[in-house]
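Read through the structure below, which is laid out as structure tokens, and then see the notes.
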Amino acid sequence: MTLEVTFLGTSGAVPTTERNPSSVFVRRNGDAFLFDAGEATQRQMMRYKTGFGVSDVFITHGHGDHVFGLPGLVHTWDFNDRTDPLTIHVPRGLRGDIEDLVFSAGGDVGYPVRITEATPGAVVRSHDDYEVRAFETAHSTASVGYALVEDDRTGRFDRARAEELGVPVGPKFSTLHDGQPVELDDGTVVSPEQVVGDPRPGRTLVYTGDTRPHDPVVSAAEDADLLIHDATFANDASERAAETGHSTAGEAADVATEAGAKALALTHVSSRYAGDASEISAGASGFDGEAFVAHDGLTHEIPFPDAD
């Protein structure tokens with residue numbers, strides 16, 4: 001079951017020749033989303049061949065480097081005769097602004113577009129086996145982050161134990177693994193608890209958008225399999241980070257450490273580090289898990305916690 005992210009834009013507020021403004025494409029099996037949609041996001045989707053089958057766009061805040069790609073995307077989908085509905089999730093109070101941005105240049109489109117406000121702590125998208133939750137972040141304007149959280153999975157089936165109990169190889173194995181008891185020919189009933197292990201955790205993907213280190217971010221990122229965190233500045237620019245509502249790489253690493261995240265992606269890299277993000281990378285060296293500076297076009301697959 002695939003869960004992967006493709007970084008479409010990893011720059012700070014000002015793009016560079018190597019980095020587009022913020023956007024992350026997320027694919028989970030047949031579902032596809034965008035986290036933020038900076039300028040030229042649609043071109044990045046074409047460039048990195050993600051496909052355009054996006055059902056939801058999750059906007060963290062209203063700054064241009066996170067939303068200026070929306071009008072082009074929405075109207076290109078219309079030019080391509082899209083009929084599937086689109087939901088754009090935005091922080092509270094931003095619905096009218098985003099509606100004006102999306103439709104002021106090109107007018108209405110021929111498919112349903114729903115703009116809904118995301119309240120921190122709320123589930124903003126539900127699916128059979130995962131959900132997307134909004135959480136509070138700390139930026140210079142109204143902002144939220146988003147966590148994609150999978151449900152626990154069924155425990156492992158102990159075939160050897162099932163055979164010891166006399167369960168014949170065949171359909172009864174599947175019945176037990178699906179959580180239903182089976183009756184053997186001699187009348188013995190075997191329950192799932194006898195042959196199926198404890199539930200196994202699903203995966204958690206967390207995207208902060210722009211933020212200072214913040215306790216609600218730590219809570220949302222608890223045991224996350226991948227935390228994508230603002231790392232606009234190197235550690236020697238901590239005052240500038242605080243002034244602008246951003247984080248240093250070291251602060252991102254501290255959040256990841258406190259949360260117990262397994263992997264950390266550093267993004268929203270300031271243009272002052274154009275061509276050389278080594279200071280950003282070095283700044284996160286205090287994190288014991290996997291840490292990397294995201295770059296445009298990078299695809300990262302998120303494994304299950306028990307994949308080994």
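Heads up, residue numbers simply count up from 1 along the chain you see.
Placement of Cβ uses the backbone N, Cα and C atoms for every residue, glycine included.
Taken from Swiss-Prot, the feature active site, proton acceptor applies to Asp65, supported by sequence analysis. There are 22 other CB atoms within 10 A of the CB of Asp65 (active site, proton acceptor), with all protein chains counted.
The Cβ of His139 (Zn(2+) 1 binding site) has 22 neighbouring Cβ atoms from other residues within 10 Å, across all protein chains displayed. Residues or ranges marked as Zn(2+) 1 binding site in Swiss-Prot: His61, His63, His139, Asp210.
Look at His268 (Zn(2+) 2 binding site): DSSP puts it in coil. Its own atom aside, the Cβ of His268 (Zn(2+) 2 binding site) has 30 Cβ atoms within 10 angstroms in the protein chains shown. Residues or ranges marked as Zn(2+) 2 binding site by Swiss-Prot on the basis of sequence analysis: Asp65, His66, Asp210, His268.
In sequence order, Pro91, Leu94, Thr137, His139, Thr141, Ala142, Ser143, Val144, Gly209, Asp210 make up the list of same-chain residues 6 or more apart from His61 (Zn(2+) 1 binding site) whose Cβ falls under 8 Å from its Cβ. Comparing the binding-site residues His63, His66 by how many other C-beta atoms lie within 10 angstroms of each C-beta, the top residue is His66. For the pair formed by Asp65 (active site, proton acceptor) and His268 (Zn(2+) 2 binding site), distance between Cα atoms is given as 10 Å, rounded to the nearest Å. Within 10 Å of the C-beta atom of Asp210 (Zn(2+) 1 binding site) sit 28 other C-beta atoms, taking all shown protein chains into account. Across the structure, His63 (Zn(2+) 1 binding site) and His268 (Zn(2+) 2 binding site) are spaced 13 Å apart at their Cα atoms.
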